[in-house]
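Engineer: So TrEMBL says this about it:
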| type | residues | note |
| --- | --- | --- |
| DOMAIN | B:21-271 | domain 'Cytochrome b561 bacterial/Ni-hydrogenase' |
| TRANSMEM | B:28-48 | transmembrane segment |
| TRANSMEM | B:126-148 | transmembrane segment |
| TRANSMEM | B:195-217 | transmembrane segment |
| TRANSMEM | B:237-262 | transmembrane segment |
Amino acid sequence: MATDRALARRRFLARIGAAGTLLTLSGCTKLSQKPWVANLLGEVEKLTLRAQRLFAGSHALAPEYAEADIAPDFRANGTQDPASDAYSAHVANGFADWRITVSGLVEHPLSLSLAALKALPSRTQITRHDCVEGWSCIGKWTGVPLATVLAAAKVRPQARYVVFHCADNMAAAGDVPQFYYESLDLLEATHPQTILAYELNGAPLPVKNGAPVRLRAERQLGYKMAKYINGIELVTDLSGIAGGRGGYWEDQGYSWYAGI
Amino acid sequence: MPSWQRIFGLAPPGPVIVVRRHAVVTRIAHWVNAVCLLVLLMSGLQIFNAHPALYLGEASEFTRPVLAMTAWEGPDGLKGYTWIGQHRINTTGLLGVSNVEGVATPRGFPAWATLPAPQWLAMGRLWHFAAAWLFAVNGLLFALWAVWRGHLRRDLLPTRRDLKALPHTVIEHLKLRFPKGDAARRYNSLQKLSYLIVIFGLGPLVLATGLTMSPTMDAAFPQLLWLFGGRQTARTIHFLCAFSFFGFFLVHIVMVVLSGAWNNLKSMITGRYVIEDNHGD
């Protein structure tokens, strides 16, 4: 009978539909483990970058806040203390011997002490820190615009990215060291609010927030803002550094572009 | 109550006519949207789980969330709590603490509700943003088409008669009695209003609050922060939007099933919809 056939067909289609839905959902988890899927989804990052640059350009400023908005305790995330012997020795003598090198594709490689950095013109900004996890915290940062330091080192025309090398080792004890690192392109690196910060809320940067110097890139998420910086390197491309994706968290699968 | 024959659309009581119900643009946009919303909701819960708490204002006042899911190791094992303001609800097994491969684990939403299932923020974000682009483009194209080709004016904007009939339509829906015959050719007033609110209200709102969470968008359009009362408030509204979509989805599914699952489903695939021919009466 036609009705029986129709009924059977409908049952069959309903089962296909139900199975399809279940497969899709558990399938998405399975798919997530395939590198080509992550790469394909990651292509969207380029679209997001282009769209956001179209609106924000190179100079749109992140909102700045009032003193009253500052959080009493600025939440620290990631490494709270690099705790290596070398780092602890620097903490003990107030970072008097700390050096930040500027190397790679520059005309004048630099090695800056904390005092030399503080002697440069500074910028103070009360900004909102947005963590990739979803929370926000407001703090007052003082530091040297990265553009000033880059100008002093005279960036070569081939340079496209600024890489920040850090003193915190992310690898487990006994494993091959994996130091935290991050990178920005030159547009974001020379943004007026991108600073090498050495003060938080008017006091020297605490250890948990990245002493003695951390990056502030106010249009980006927190993981871009490397702490415990001891080296700045200008490069043409990022593939030769560590996992090759431009940062410690990027090497773990996070997007390089972190404006969203 | 509708009989099961009615639900499956197997035994139309009398003569029927087949009408063209949904344009091909509507049908494509509908299914693209359905897939996007599912991926967005589940990957959104994955992202939420990275910090399962919501706040009001610009920044997070960590001691005063408006909603939070926490885990607490008590004398009789791990307990999951959901806090609404200062009000604590034991939600062990579902929110705060749920089983991951048989082991009670602290997590906001359970693994079966998140994409991907395990705690994996980076991948959740990749799925979320890919689906968000598709959702936005699909929604925008549909909205432009609906305005341009008169779908909005003809089928979605309620007429004065619709608005007058609204109380009656609400009562009829509550009694699970749905329009038949010629009346079923058009969307009824409740359908019109809910589709309008979802497409032109909830859709743009969920997009705008999502973009307000982006620090670069806040630099480009600081008005967004002013509009929503700060980034954390925007995040809270975004969460509420997601669950409004989910609530719409549940009611939508119930309505689709009760008013003739097969006929409705078929009409959203082929465009053809069967109505009772009441002209002979």
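Cβ coordinates are placed from backbone N, Cα and C, and glycine is handled just like the others.
Just tell me what is around each of these and how deep it sits.
Structural biologist: Proximity of distant same-chain residues to the transmembrane segment (B:28-48), defined by a Cβ-Cβ separation under 8 Å and at least 6 residues beyond the stretch ends, is recorded for 22, 108-109, 113-116, 119-121, 123-125, 127-128, 130-132, 134-135, 138-139, 141-142, 145, 239, 242, 245-246, 249, 268.
Distant neighbours of the transmembrane segment (B:126-148): 25-26, 29, 32-33, 35-37, 39-40, 43-44, 46-47, 115-116, 156, 199-200, 203, 207, 210; these residues of the same chain sit at least 6 beyond its ends, with a Cβ under 8 Å from one of its Cβ atoms.
Outside the transmembrane segment (B:195-217) by six or more residues, the chain places 132, 135-136, 139, 142-143, 146, 156-158, 187, 224-225, 227-228, 231, 234-235, 237-238, 241-242, 244-245, 248 with a CB less than 8 A from a CB of the stretch.
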Engineer: What is the average pLDDT across the domain 'Cytochrome b561 bacterial/Ni-hydrogenase' (B:21-271)?
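Structural biologist: PLDDT averaged over the stretch: 95.
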